[in-house]
Amino acid sequence: MGDESSPGEVNDNQCFVDGHLKVPIANNSQVQTEHSAPLQRDLTTATTHLYKRRWLIVCLFSSYSLCNSYQWIQYGIINNIFMKFYNVDSFTIDWMSMIYMLTYIPLIFPVTWLLDKKGLRVIALVATAMNCAGTWVKVASGRPDLFGVTFFGQVICSVAQVFILGMPSRIASVWFGSEEVSTACSIGVFGNQLGIAIGFLVPPILVPNVEDMDELAGHIRVMFYITAGVATLLFILVVIVFQERPDIPPTQAQAAARLIPAENYSYTASILCLLRNRPFILLIISYGLNVGCFYAVSTLLNRMIIEHYPGEEVNAGRIGLTIVIAGMVGSLICGIWLDKTKTYKQTTLAVYVMSLVGMVVYAFTLNLGHLWVVFITAGALGFFMTGYLPLGFEFAVELTYPESEGTSSGLLNCSAQVFGIIFTICQGKIIDQFGTLAGNLFLCVFLLVGTIITGLIKSDLRRQRANQLAKTADNANGSTVNTPAHNVPATKL
């Protein structure tokens, strides 16, 4: 296992020129950073290997991401029940979801710095430890006069989320080969989405809308105990199983990245480099608009469904489940498609356009009085809107090469949290004043803006260009990139 890491290892994007490694110093608008110092070494015969353990690592990550994201929506999907139990208003319960967005904004920069300095294992341990602690705090909040305690538990879980949300692309780069990184990233995002799906489905089943407060408190405590048990098990598994990185790197680029001295890396310079990258800035805005809309729809779903279909708390959860399950399918399909075609800009734009279309259809069909119609339109919306998540991550890695995947993902997620808070508050107020149709059309306007911005992004696929240069150099030198399995010690997984 071990905590061994190097700040340079995160850059899965080194470039080969004339058979020698060269870290790109400038590429169009990209400016030189400290870790872009000249570095040359003949690595065309470097040993690489794909370990079977990589699938265990990404699945374990997906599992603890699932446990954390489940808690994001567990209050909001039974908004009316928690309002009654804790005797608070709907806006206060909305903050149980929005606190996840708020804590992310100031903490993402110190967390990505810690990731670059300490590596994946430390981040995984902190994430699962805090998530576990938050669930046990909630166990102690099963009384109507203890809303402050349950909110504190949610705050702890929201901090844990900062150590989770931007990790899929990093894990994919550190553990997976160049032909499977998008699929691996999709699996990482898959866990987060599955957790949201379970968060839509399970709370309405475990906590029915009963009038007796003692009985309701018992149901709520059962839900909290189950969550705490799962979080504790996952923390133990991470302590035992989670490994920092493979002994032998999966790609030539990762082999090169490990050679970059720690003193050549500057986190501040990396951030400044990203903020000067115009295509990435446009992606930050468009990603934030899309995912922010998803956060708003998810947080306010119970209110929108109950307004048109009173007493349908369980079906509100099932509709949320439909949104996320469809999105999980969309994520996996998009990840596989990207690995096969490498059409990042085209795929991202097409999915964005379909997210807009899905939102318009959902807005105009929500009040028709037929739940089956809502299930269909919500599923279509989820397929594209949630399926967009791994596309944004992977497109960002391409545009920001050779910067840290954790840093670029963190900036995307920070944008999503900012827009998520704004959209949730604004749409909630619009729904209160003008109804659900006006609130959903409000989101449609911003999805249209995001679609236009996505169309303006220049498709500068730096990682793909570097990988192609590496292959060309290897072919020219007649070298073998991947070590045959029989040359790798049998004890390695």
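Glycine is no exception: its Cβ is also placed from the backbone N, Cα and C atoms.
Marked as compositional bias 'Polar residues' by TrEMBL: 472-485.
The domain 'Major facilitator superfamily (MFS) profile' annotation in TrEMBL covers 55-462.
Feature annotation from TrEMBL assigns region 'Disordered' to 472-493.
Annotation comment: TrEMBL describes 55-73 (among others) as transmembrane segment. Sequence-distant contacts of the transmembrane segment (55-73) (same chain, six or more residues past either end, CB-CB distance under 8 Å): 97, 100, 124, 127-128, 131, 134-135, 154, 157-158, 160-161, 164-165, 167-168, 171-172, 175-176, 184, 187-188, 190-196, 198-200, 202, 227, 230-231, 234-235, 237-238, 241-243, 298-299, 320, 493.
Look at TrEMBL and you will find 93-115 (among others) tagged as transmembrane segment.
According to TrEMBL, the transmembrane segment annotation covers 122-140 (among others).
Nonlocal intrachain contacts for the transmembrane segment (146-169), taken as residues 6+ away from its ends with a CB within less than 8 angstroms of a stretch CB, comprise 61, 64-65, 68-69, 71-72, 75, 86-88, 92, 95-96, 99-100, 102-104, 107-108, 111-112, 115, 120, 123-124, 126-131, 133-138, 140, 181, 184-189, 192, 390, 393-394, 396-397, 405-406, 408-410, 412-413. Positions annotated as transmembrane segment by TrEMBL: 146-169 (among others).
Look at TrEMBL and you will find 181-202 (among others) tagged as transmembrane segment. A Cβ distance under 8 Å defines the sequence-distant neighbours of the transmembrane segment (181-202), meaning residues of its chain 6+ beyond its ends; these are 12, 54, 58-59, 61-74, 77, 164-165, 167-169, 171-173, 175, 223, 298, 301, 316-321, 323-325, 327-328, 331-332, 334-336, 338-339, 386, 389-390, 393-394.
Under the heading transmembrane segment, TrEMBL lists 222-242 (among others).
TrEMBL lists 280-298 (among others) with the feature transmembrane segment.
The transmembrane segment annotation in TrEMBL covers 318-337 (among others). Counting only same-chain residues 6+ beyond the ends of the transmembrane segment (318-337), those with a CB under 8 A from a CB of the stretch are 73, 77, 182-187, 189-190, 193-194, 196-201, 297-298, 301, 305, 343, 347, 351, 371, 374-375, 378-391, 394.
Here TrEMBL flags 349-365 (among others) as transmembrane segment.
Sequence annotations record features per position, and here TrEMBL assigns transmembrane segment to 371-391 (among others). Sequence-distant contacts of the transmembrane segment (371-391), counting only residues of its own chain at least 6 positions beyond either end whose CB sits under 8 Å from a CB of the stretch, comprise 168, 182, 185-186, 188-189, 192-193, 287, 290-291, 293-294, 297, 305, 309, 312, 315, 318-320, 322-331, 333-335, 338, 344, 347-348, 351-352, 354-355, 357-359, 361-362, 365.
Taken from TrEMBL, the feature transmembrane segment covers 411-431 (among others).
Taking Cβ pairs closer than 8 Å, the transmembrane segment (437-457) reaches residues 279, 282-283, 285-286, 289-290, 292-293, 296-297, 300, 304, 345, 348-349, 352-353, 355-356, 359-360, 362-364, 366-367, 399, 419, 423, 426-428, 430-431 in its own chain, all 6 or more past its ends. For 437-457 (among others), the entry in TrEMBL reads transmembrane segment.
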(request) Could you check if the transmembrane segment (349-365) is in contact with the transmembrane segment (280-298), meaning 3+ Cβ pairs under 8 Å among residue pairs at least 6 apart in sequence? (result) yes
(message) If we skip the immediate neighbours and take only residues 6+ beyond the ends of the transmembrane segment (280-298), which ones have a Cβ under 8 Å from one of its Cβ atoms?
(response) 73, 76, 97, 101, 196, 200, 274, 320, 323, 352, 355, 359, 381, 385-386, 388-389, 392, 395-396, 399-400, 408, 411-413, 415-420, 422-424, 427, 440, 443, 446-447, 449-451, 453-454, 456-457
(request) Considering only the recorded stretches 93-115, 222-242, 411-431, state which has the highest number of Cβ pairs under 8 Å to the transmembrane segment (122-140). (result) 222-242
(message) Let me spell it out: take the transmembrane segment (411-431), skip the flanking residues so only those 6+ beyond its ends count, and list any with a Cβ under 8 Å from a Cβ in it.
(response) 90-91, 94, 97-98, 100-102, 104-105, 108, 165-166, 274, 280, 283-285, 287-289, 291-293, 295-296, 299-300, 303-304, 307, 392-393, 396, 438-440, 442-443, 446
